[in-house]
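Peer 1: What TrEMBL lists as compositional bias 'Polar residues' is 306-316. Look at TrEMBL and you will find 78-143, 178-256 tagged as domain 'Potassium channel'. According to TrEMBL, the feature N-linked glycosylation site maps to ASN82. Under the heading region 'Disordered', TrEMBL lists 277-316. Here TrEMBL flags 7-31, 122-144, 165-189, 201-218, 230-250 as transmembrane segment.
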Amino acid sequence: MHSVGKSWLLLTGFVFFYVIYLLFGALVFSSIERPVEDKLRHDMERLKEEFLNQSCVNAASLELFLNKVLTANKYGVSVLRNSSGRSNWDLASSMFFANTLVTTVGYGHPTPLSDAGKAFSIVYALIGVPFTMLVLTACVQRVMHPLVLAPVTLLQRSGLKPRPATVVHFLLLLIVVVLCFFLAPAAVFSVVEVSWTFLDGIYFCFISLCTIGLGDFVPAARPGQQYRALYQVAVMVYLFLGLMVMYLLLRTLHKMADVHGLTTLLQLPRCEESVLEEDTEPIVSNDPTPPQLKDKAASKPLDPGSQPSYNSINKG
């Protein structure tokens, strides 16, 4: 089959299975969540009727009051007595919001109240999101060699063949990421956030580091949170490091697919290696060789095996 026809066939297959996957998710979520939603709606209706029967407030006034309360709560403003003393827009909270905005996590708590704030959010994110991706990419490129290339080379020197070496390395890296960025933070969140369970903590970590940010669990949102500013800064650091290791994990998976020939099979682009080879070169060289001799040496063809590279790993 012609390569272009095969490429379009694969693309059609991807889109088809993507739609099937969405339908599968819709069926599962509907079957799980709809009964719980119906029960909650019934409980709220019963609570509303009990309140109206025990007070002199009419239904229309109660509806108007609840609409205003829910609208305010959507913007992070609560009418509860123990929530009225703190602001969602102090320096630490505003920085936390800016962090969730440029990392595309976007918990939605709080959100801008004014038109000026909404307009500035658009401009700020328009610049901040690409810049954040640039910073994350630069950080990942700097750690690819010590955390990916060097360990795979070490595993090969220990006697493993290239393909098993990449699989073992990826599994080890995955275990470290799960322990350090999911299980351990989830345990901390379940202690700091009193209303969170350990499962809630894992759920929050996954939703955050995948930049889904549903907003049903937001750290430092509890009234009377101690050391709230310091806690928010710690969460910002966790989000940045977590997003970096998630990107590192994806890059490692992509490179493992290169070694196993999966990218060629699926006609996907291979992971670039030039930036990694540049990262292994020191910025300041201690070599006393004059620049003229270096230029002549640079014009000679290099030995392909002179520098370690993920592409140098055979697929055998």
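Glycine is treated like the rest: Cβ placed from N, Cα and C.
Keep in mind that TrEMBL annotations are predicted by a computer and have not been checked by a curator.
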Peer 1: When DSSP states are grouped into helix, strand and coil, how many residues of the domain 'Potassium channel' (178-256) land in each?
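Peer 2: Secondary-structure composition of the domain 'Potassium channel' (178-256): 56 helix, 0 strand, 23 coil.
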Peer 1: Find the average pLDDT over the domain 'Potassium channel' (178-256) in the predicted model and report it.
Peer 2: 92
